[in-house]
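In what follows, a single structure is set out as structure tokens and then discussed.
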Amino acid sequence: MKKIALHWKIIIGMVLGIIFGFIMNTVDGGKGFVADWVAPFGTIFINLLKLIAVPLILASLIKGISDLKDISKIKSMGLRTIGIYVATTLVAIVIGLSIVNIVKPGKGMPQDTIEKIKLKYENDAGVTDKLMKASAQKEAGPLQALVDIFPSNIFKSFAEASMLQVIFFAIFVGICLLLIGDKKAKPLIDFFDSLNEVVMKMVDLIMLFAPYAVFALLANVIIAFDDVEILIKLLYYAFCVVGGLILMIGFYLILVSVYTKKSPMWFLQQISPAQLLAFSTSSSAATLPVTMERVEEHLGVDKEVSGFVLPVGATVNMDGTSLYQGIAAVFIMQVIWPEGLTFTNQLVIVLTALLASIGSAAVPSAGMVMLVIVLESIGFPAELLPIGLALIFAVDRPLDMCRTVVNVTGDATVSMIVAKSLGKLHDPKPKEWDDNYEDVK
Ligand code: ASP
């Protein structure tokens, strides 16, 4: 019998999860049942993905850098990656701002809807939590983000999964391995090579569980929706964000086909399991191991490129998030602070949304925390902030799911382009979880 492709299995799991969630919403005690007996399976899956993220980055980057055999290549890879990341993010923000200014989703929103949303969400724990996190983030000095890249205790970085610190350490080790010469470096390189294979195999095995996990994750998302009426009122705004995100995916497909001469459909098909997981988990960080596996084994990007570009991208490249921040900021202004809608303010949004997406953590709803900082940068009145966030809170989760798909797709696209430019893009050799199973069963 023909095997069903993984992405179809995941899609089936997602659809069933959504249906199940809706049914449970209508059944007495259904929500409790999902929270107690279904959701934990989604958590287990995310835990497993997080479990392997640090060893995966470490092994693939150290092995990759030592394979490069040339320190100057590391520099050129780094500069290209950051340059393309910044460029794609700027494109995303411009797309977002153009859409929101043309469509004007916030104009003419009825006062009673605003009052209703205000009443429901202004003092919601979710909104206050975002405001608190944003003010903690703001207190840090201007160079704190740079200081944070350099760890003082690598085990602490491992334990906290501080992505940029782990990347710094791996590059440092990789460069030193090059400097000590082949003979002395070999045992450690072999060790990391083998570790890399093991972790990649772990990804294959964990992914067997993905269709069931997405069922649990989506059922859990659905039971959180309660006020459909407010959701409908915000559909116009939500469509603007989703429309912008679709345009952004189109932009990636053009980049892929122009620079790498690969078929966009093929690209989408290969990367789709990572996109579906990004959608289900709302976290680029949790999706990272799968993105790495797809990009290396299914798109043919060499480890030295994917091991650097993808973890860096998961942390600093969030095109979906920045596009969303541009639209959300202007939408909020259209509704409650129209006098702030000046051209200068929109220019400031371009810059701050770029920095904010770099600074956003790769976890659910981080983009909304950084949105507060974007709004503050244009002098948005502090007393209106809770109302501003309340306005977009009801639809934040579904939009977070969609923007995370774009964040992950953007990272994969850039890794293809960087790999192509360095001659590190090859015909993929996908591995299955059971390649050696017959020998050991
Ligand atoms: N959830 C997003 C991510 O992990 C970040 C955000 O926009 O909230 O990529």
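Placement of Cβ uses the backbone N, Cα and C atoms for every residue, glycine included.
Taken verbatim from TrEMBL:
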type     : residues : note
TRANSMEM : 7-25     : transmembrane segment
TRANSMEM : 37-62    : transmembrane segment
TRANSMEM : 82-103   : transmembrane segment
TRANSMEM : 162-181  : transmembrane segment
TRANSMEM : 202-223  : transmembrane segment
TRANSMEM : 235-259  : transmembrane segment
TRANSMEM : 343-363  : transmembrane segment
TRANSMEM : 369-395  : transmembrane segment
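Contacts between the transmembrane segment (235-259) and the transmembrane segment (82-103): present, as 3 or more C-beta pairs lie under 8 angstroms, all at sequence separation of six or more.
Within its own chain, the transmembrane segment (343-363) has Cβ neighbours under 8 Å at 86, 89-90, 93-94, 96-97, 101, 137, 145, 163, 282-286, 288, 314-319, 321-322, 325-326, 329-330, 333, 369-371, 373-374, 377-379, 407, counting only residues six or more beyond its boundaries.
Cβ atoms under 8 Å from those of the transmembrane segment (37-62) belong to residues 20, 158, 161, 163, 166-167, 169-171, 173-174, 177, 188-189, 192-193, 195-196, 199-200, 202-203, 206, 209-210, 212-217, 219-220, 277, 280-281, 283, 285-290, 292, 296, 303-304, 306-308, 311 of the same chain, restricted to positions at least 6 beyond its ends.
Outside the transmembrane segment (82-103) by six or more residues, the chain places 236, 240-241, 243-244, 247-248, 251-252, 255, 312-313, 316-320, 322-327, 330-331, 334, 346, 349-350, 353-354, 357-358, 406, 410, 413-414, 417-418 with a CB less than 8 A from a CB of the stretch.
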